[in-house]
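> The structure follows.
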Amino acid sequence: MSAFKKSGSKSETSKKLVVVGDGGCGKTCLLIVFSSGTFPERYVPTVFENYITDITYGPNSKVIELALWDTAGQEEYDRLRPLSYPNSNVILLCFSIDCPASLNNVTEKWYPEVQHFCPRTPIVLVGLKADLRKDRNATEVLRTQGLTPVTYQQAQSVALSMNAPYVECSAKENTGVNEVFQLAVGLTIKKSFSFSKKSCVIL
C-alpha cells in the first residue's frame, strides 16, 4: 500500500472513500485525476493504493480530508480486498460505460460484496469513461460483439434498484470528476447528520 497526502492540510474532518469495480474499468484513473489533475496514459493494474487529499464542500467551503482507497478488481484479490472496507464512510461502485459486462458485474458481484461487508455504508454508482459512449472506435468494437455502450437510463435503473444515486464522468477529459466526489462527500455528511439526530433522540 502506498499513500499520497497533500501538505499543509487545513481539514476540519476526515472521511474514508473506497472505490470498487472490475479491473480496468477506470477506478485508478478517476482517483489520480481527482487528486493530482493528471491523467495517466499507461495502465498499471492496482493491488492496493491509498491517496489522501482535501476537498472543499458546500456553501461554507468546509475543508474535508478525504482518504481515497483504491482496490483491485481482479479475482485473485478477492480475499484481500475486504481489508479495505472497515470504517468506510462512502463507497463508489464503478463500471465502464464502454463495457456493459462491468455494469452487470456491479449487480452480480460488487453490490452483493459491499452489502455483505458494509451494509450501512452509503454507495454511489459511478459510470466511468463517459467519453467513450460516442467514441467511434469504442462503439465499433462493441458493435462487432452485438453490444452498445451503457446508456444513462440503463445505469440509472441499476442505481435505483440499489437505492443509490448515479453519476457519470470522464477522467480522460476531466469532466464530471469533481462532481463525483462532491456527491460522495455529501452522502457522508448526511449520514453523519442523520446518526447525530438519532443519537440525540436516544439520549
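Heads up, the Cβ atoms here are built off N, Cα and C, so glycines get one too.
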> Pick from 43-51, 160-168, 178-186: which range does Swiss-Prot record as motif 'Effector region'?
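Within the set 43-51, 160-168, 178-186, Swiss-Prot attaches motif 'Effector region' to 43-51.
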> Once the chains shown are all counted, how many other Cβ atoms turn up within 10 Å of the Cβ of A72 (GTP binding site)?
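Result for A72 (GTP binding site): 20 other Cβ atoms within 10 Å.
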> Among all the protein chains here, how many other CB atoms are within 10 A of the CB of K27 (GTP binding site)?
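Excluding its own Cβ, the number within 10 Å is 27.
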> To which of the binding-site residues G21, G23 does the lowest count of other Cβ atoms within 10 Å belong?
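Least crowded of the binding-site residues G21, G23, by Cβ count within 10 Å, is G23.
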> Can you tell me whether DSSP puts G21 (GTP binding site) in helix, strand or coil?
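Strand, per DSSP.
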> Which residue, out of the binding-site residues C25, D70, Q74, shows the minimum number of other Cβ atoms inside 10 Å of its Cβ in this structure?
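The binding-site residues C25, D70, Q74 were compared, and Q74 has the fewest Cβ atoms within 10 Å.
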